[in-house]
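Chemist: Below are the C-alpha cells for one structure; questions will follow.
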Amino acid sequence: MAGRIQNTIRNFLDSESSGGLLLIASAAAALLVANSQLSEAYFGALHAYLGPLSVQHWVNDALMAVFFLMVGLEIKREMVDGHLSSWPRRILPGAAAAAGMAVPALVYLAFNLNNGAAHGWAIPAATDIAFALGVISLLGPRVPTSLKVFLAALAIIDDLGAVIVIGLFYTTGVSLMDLGLAAAGVAALVALNLSGVKRLTPYLLLGLVLWFFTYRSGVHATIAGVLLALTIPIKRTPAKPEATVSESPLHLLEHSLIKPVSFIIVPIFGFANAGVSFSGLGMEAFFAPVTMGVAAGLAIGKLVGIFGAVLLLVKTGIVGLPAGASWPQMLGTTLLCGIGFTMSLFISLLAFDDVLLQNEAKIGILIGSLVAGLAGFIVLRFSKRADGRNFSQ
C-alpha cells in the first residue's frame with residue numbers, strides 16, 4: 001500500500017501537467033479562502049512583515065526571482081541548444097509571440113485608453129507557460145509533439161518579452177548608485193563565465209548580491225534572476241570532454257530548479273496573489289473597463305494576434321505549419337496562449353497600486369484565462385489531424 005502511494009506521488013511529480021494542476025488548485029484555494037471566514041487571517045498573513053519585507057513582498061520579489069532564474073535558463077538553453085537555436089526555427093514562434101503581445105495590449109487599451117488605467121496594458125500580453133503546457137499535456141498523444149514544441153517556444157519568447165517589458169515600463173524611482181552596484185555584479189558574473197568557471201556556487205553567491213542591489217535600485221528584483229541565468233555556462237566542463245551537453249552547469253541548475261519552482265514557488269505565488277475578495281465588489285467589477293480589457297485581451301487578443309501571424313506567415317510561404325499539425329489544432333493551441341495567469345498576475349501588481357484596480361485585473365485574468373483554456377482544450381480534443389483522422393482513432 002505504501003509503495004503504491006509512493007508510486008502515485010512519483011508519477012504525479014513527473015507528469016508534465018502536474019505543475020499546472022497544482023497551480024490551478026492553489027489559485028482556487030486562494031479564491032475560496034479570500035471569500036470565507038478565513039479571509040481576514042489570509043490577507044493579514046500576506047501583509048505581515050518578516051524582517052524588512054511583508055510576506056507578499058518576499059513571495060513576489062524573492063521567490064519569484066528564482067522563478068525568473070529558471071525562465072532565464074530556459075530561454076538561454078533554447079537559444080543555444082534547443083528549439084530556438086537557429087533563425088529559421090525562431091521565425092514562427094517569434095513572430096507569433098510578438099503579435100500575441102501587441103494585439104492583446106491594443107485590445108486592453110481600447111477599453112482603458114482614457115480612464116487612468118492605461119498603465120495596465122501589458123497585463124494580457126503574457127502567456128503562462130506552466131498552465132498552457134499543463135493543459136495541452138492533459139490531451140496526451142492527441143496533440144502532435146510539433147505543436148507542443150511550438151507552444152513551448154512561443155511561451156519562452158513571450159516570457160522574454162514580458163521580462164523586457166517589466167524592466168522598461170514598470171520600473172520607477174531608480175537609485176543610480178545601487179543600479180551601478182548591480183551592474184558591477186553582472187560584470188563580475190560575466191567575468192566568471194569568460195574565465196571558464198564552471199562551479200555554480202560562485203555564480204549563485206554573486207546572484208544573491210545582484211538581487212540585493214537590484215531590489216535596492218528600484219528595478220524589479222526578479223530581473224536579477226534573468227541576468228544571473230544568462231551568465232550561467234552552458235558549455236561542457238573541459239575536464240569531462242566525454243560529458244554530454246545535458247551535464248553543463250546550466251542544465252544541471254535548471255534540472256534542480258524544475259520541481260521546487262513548479263511544485264513550491266509557483267503554487268505559493270498563485271495562493272498569495274490569486275485571492276480576490278468579492279465582498280463589496282458588486283457585479284460592476286465584472287464589467288469594469290480593466291476587467292473587460294484584460295479578459296478580452298487574453299481570450300480574444302491572443303487568438304487574433306497569434307493565429308493571424310501564423311496564418312500570414314504560412315499563407316505567404318515564409319514558413320509551414322508545425323509537422324503533422326492541422327489548422328484546427330493550431331487554432332486550439334493559439335487559444336491556450338490566452339492563459340495568462342502567473343505573469344499576468346505579476347504584472348498587474350506592478351501596474352496598479354490601487355487594490356480595486358488590482359482586483360479588477362485579477363478577475364479579468366481569471367475570466368480570460370478560464371475561457372481561453374477551456375476553449376483551447378475543447379478545440380484540441382475534437383480536432384482532426386492533418387491527414388483528416390480523429391486523434392481518438
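Glycine is treated like the rest: Cβ placed from N, Cα and C.
What you see is a predicted model, and the numbers here were worked out from it, not measured in a lab.
Features from Swiss-Prot:
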TRANSMEM  18-38  transmembrane segment
TRANSMEM  53-73  transmembrane segment
TRANSMEM  91-111  transmembrane segment
TRANSMEM  120-140  transmembrane segment
TRANSMEM  149-169  transmembrane segment
TRANSMEM  172-192  transmembrane segment
TRANSMEM  208-228  transmembrane segment
TRANSMEM  263-283  transmembrane segment
TRANSMEM  294-314  transmembrane segment
TRANSMEM  332-352  transmembrane segment
TRANSMEM  363-383  transmembrane segment
Chemist: For the transmembrane segment (208-228), could you work out the same-chain residues 6 or more beyond its ends whose Cβ comes under 8 Å from its Cβ atoms?
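Modeler: For the transmembrane segment (208-228), the sequence-distant neighbours (Cβ-Cβ under 8 Å, at least 6 residues beyond its ends) are 61-62, 64-72, 75, 163, 166-167, 170-176, 178-179, 181-182, 185-186, 189, 346, 350.
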Chemist: Would you kindly check 53-73, 120-140, 172-192, 332-352 and say which stretch has the most C-beta pairs under 8 angstroms to the transmembrane segment (91-111)?
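Modeler: Of the candidates 53-73, 120-140, 172-192, 332-352, 120-140 scores highest.
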Chemist: When you check the transmembrane segment (120-140) against the transmembrane segment (332-352), do you get at least 3 Cβ pairs under 8 Å, counting only pairs 6 or more apart in sequence?
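Modeler: Yes, the transmembrane segment (120-140) contacts the transmembrane segment (332-352).
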Chemist: Determine which recorded stretch among 18-38, 149-169, 172-192, 294-314 has the most C-beta pairs below 8 angstroms with the transmembrane segment (53-73).
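Modeler: Selected stretch: 149-169, with the most Cβ pairs under 8 Å.
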Chemist: Where else in the chain does the transmembrane segment (294-314) make close Cβ contacts, counting only residues six or more beyond its ends and a cut-off under 8 Å?
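Modeler: Tertiary neighbours of the transmembrane segment (294-314) are 91-92, 95-108, 111, 120, 123-125, 127, 154, 320-321, 330-331, 334-335, 337-340, 344, 348, 360-361, 363-365, 367-369, 371-372, 375.
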